[in-house]
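Straight from TrEMBL, the features:
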type	residues	note
SIGNAL	1-25	signal peptide
TRANSMEM	220-242	transmembrane segment
TRANSMEM	286-310	transmembrane segment
TRANSMEM	322-345	transmembrane segment
TRANSMEM	357-381	transmembrane segment
TRANSMEM	387-409	transmembrane segment
TRANSMEM	444-466	transmembrane segment
TRANSMEM	478-504	transmembrane segment
TRANSMEM	516-536	transmembrane segment
TRANSMEM	548-570	transmembrane segment
């Protein structure tokens, strides 16, 4: 269980700062000596069914222990963005030092505090704590069968497992049920029991994983089903296109042997007839090239992050997945500039600086805009998900001082290395009129239908991904995710190639946007599926959770659509160049 360099640097800085604070325990080394202090951090509390609606633990009228407060610093950007709000519990816990049941504070329960606890119990509030980076969950209280009386759990019974000088297991048992009566004093107590464990330190997070869920028969069947779909689709595309293209090549070769009069009298139809327009620049080339560049970058980020997650156990550190994604996105900005800048130059674009700015800020603006809107709601709710001002400044600094310069480097390289139009066919000065065709060959219809098969290849995996993010599951089967990403790309390319071939055969040369949008329409079906998941698979409620869910699902679906569109366009572009290279035009 390794850790990446930037996390090590952050941990080293925190350790330096921590040396000035009154605490001896080193959570980052995860090693302790006997009687050394072990810190119990209180994180957040919130309704069980709304995982993202979290508040500071002490936003409820809990009381803290008598030990001196220890400040916590956000170690990573991802930790700050995910609403981690660690506060010291004040409990006296020492390594291998058992504590019998001890009262650590008392709550003066007036009417306002009682109402706050009653509201939390009615909404099934859970709280989260950390010991040595191991998460612990507990329930605030419960109501009786009639829902008239409400009870608070007052006794935290901690059982900590150790292996050598490391903590490998933590369990919490809530006891001491006390009825909430106004104008009374409630004593809060805790106990600590240490036990020797055979669990290895590297395997201590295995207890939080759920193999029966992610390795369910349906999961395996969905992967097998998608894999068979890929084999069938690739075989079908290869057979149909190769047979059809072979006939087309034979027909075109026969036409070349005719004299001019016979050729004029013959029927001219098919994809060869648009050779003078097929490489014509797309409409709105600036935004089109920016979308392609952004899609290539998203694909690169997805691939790299999944590979890193397969190698590293990113789920073992708070916010590490999000921090890794932000770091990789910033580092892959030259990919965006290279593909977007080269495509814009090939299509004759001259405002390359504007294109570079749009390409660099297209995805960050979408994500930050959504987060900014949701942040207002989080601030209104006083939720821990409200992004601190310092974190906003850090994100903006990354955009302006890392992403933009790297995007500029990629754009310059793309324009100079592969920005020259080297099409196999000359582009006619006057656009060829597009003949009438049947309704199902119209680009709008092709776009609507193009995303069905790609969505069908991933929608089962979407359920597992949604459940891991919106419910209490830790996603760890990244091998499945990598396989699904490969399947999605293959299916997307095959579908867009077929759609493009039929479009060109109908002598419609508007294939660039059609190939992009037909692949990107997968995102529409994913977003529609998110509605089904919200209403039928979850029990989420409230303005905050609803806006959070649909806001970030829109960001996820749009990013997925841009990635699929770019993959579909790149694959289709290679196919179009190939078929027109092998045809004698003049």
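Placed from the backbone N, Cα and C atoms, the Cβ positions cover glycine too.
Looking at 322-345, 357-381, 444-466, 478-504, the range that has the most CB pairs within less than 8 A of the transmembrane segment (220-242) turns out to be 478-504.
Tertiary neighbourhood of the transmembrane segment (516-536): same-chain residues 288, 291-292, 443, 446-452, 454-455, 458-459, 462-463, 466, 470, 488, 492, 495-496, 499, 546, 549-550, 553-554, 556-558, 560-562, 564-569, selected by CB-CB distance under 8 Å and a gap of 6+ residues from either end. Note: the stretches the transmembrane segment (444-466) and the transmembrane segment (387-409) are not in contact (fewer than 3 CB pairs below 8 A, sequence gap of 6 or more). Ranked by number of Cβ pairs under 8 Å to the transmembrane segment (286-310), the listed stretches 387-409, 478-504, 548-570 are led by 548-570.
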